[in-house]
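Taking it in order: structure first as structure tokens, then the write-up.
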DNA sequence: TCAGGATTGACAATCATTCTCATCTGGAAT
DNA sequence: ATTCCAGATGAGAATGATTGTCAATCCTGA
Ligand SMILES: [Zn+2]
Ligand SMILES: [Zn+2]
Ligand SMILES: [Zn+2]
Ligand SMILES: [Zn+2]
């Protein structure tokens with residue numbers, strides 16, 4: 001019996017490509033696009049296919065290892081945050097500097113609004129943008 | 001220098017195309033993509049170029065006449081809401097049914113979080129998704 | 001009425017993201 | 001160590017939403 005019923009997700013083998021990607025992401029604090037990360041890998045000497053970068057970012061995101069958000073023009077950007085806990089972001093639209101924030105009150109508010117309207121399976125998107133002190 | 005509240009804004013001439021688009025939007029309550037709206041116009045007999053639909057939606061959005069948000073896959077969807085006041089949305093991911101909501105506490109929280117971190121020119125994005133009662 | 005800028009539309013061009021599929025590789029079994 | 005094979009990769013094609021082009025057309029103010 002090689003089947004494991006407790007397995008939470010698809011098998012995921014370690015590869016040099018994903019390791020390099022994870023490394024680059026760990027070394028960065030801003031939200032970057034798949035293309036940005038691909039370029040960063042290139043300049044570091046790690047050759048990784050663009051499709052592979054996309055695939056791994058998706059995998060990491062669905063595993064909760066990275067956070068994703070959409071820029072104003074719809075581009076997906078990724079960031080490996082300091083915590084796996086649910087949280088949100090305060091992002092500088094000039095330099096990309098990002099602060100991880102949380103707000104129990106907001107979480108409650110969102111849940112309550114949904115409940116009051118009979119909605120279930122609730123999720124939410126909350127991001128704050130601004131210009132940080134260095135501008 | 002972007003638009004201020006006292007700015008008269010760019011001249012905007014009335015056209016049959018924009019009128020038709022506004023009409024269709026006023027008759028709809030869900031968030032729809034530019035392509036959806038273009039199709040809807042077609043089936044109504046109003047011939048409007050796709051590019052024109054995109055241009056007008058952008059104009060209407062920047063005029064604050066319609067709200068825009070991004071679906072999970074990055075597609076922009078538009079909706080003409082019942083109020084011009086700042087508000088957010090509770091959207092059913094099954095049928096698109098949308099409820100306009102507001103939360104003074106959340107607005108304050110966002111502003112405070114930003115201020116506490118020295119961010120200025122603050123804006124935020126808040127959307128709640130769920131499954132409504134009819135599912 | 002008339003000129004000139006705003007608007008439109010058909011279609012090309014972008015461009016991020018996904019798909020294809022032949023090839024490669026990690027690791028479990030032998 | 002060698003074999004086996006499903007997961008993983010990569011090069012490039014394909015997709016699809018959005019934007020750019022530019023000549024023709026429409027408003028509007030003089
Ligand atoms: Zn985060
Ligand atoms: Zn939250
Ligand atoms: Zn709205
Ligand atoms: Zn708000």
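Don't overthink the numbers, they just go from 1 along the chain as shown.
The backbone N, Cα and C atoms fix where each Cβ goes, glycine too.
Please treat TrEMBL annotations as automatic predictions, because they have not gone through curation.
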From candidates B:100, B:107, B:112, TrEMBL puts in the same Fe cation site as B:86, B:124 the residue B:107
For residue B:107 (Fe cation binding site) and residue B:92 (Zn(2+) binding site), the CA-to-CA distance in whole Å is 22
For residue B:86 (Fe cation binding site), the spatially nearest of the binding-site residues B:92, B:95, B:132, using Cα atoms, is B:92
Listed binding-site residues B:86, B:92, B:95, B:124, B:132 screened against chain A; CB under 8 A survivors are B:92, B:124, B:132
Least surrounded, by Cβ count within 10 Å, of the binding-site residues B:92, B:95, B:132 is B:95
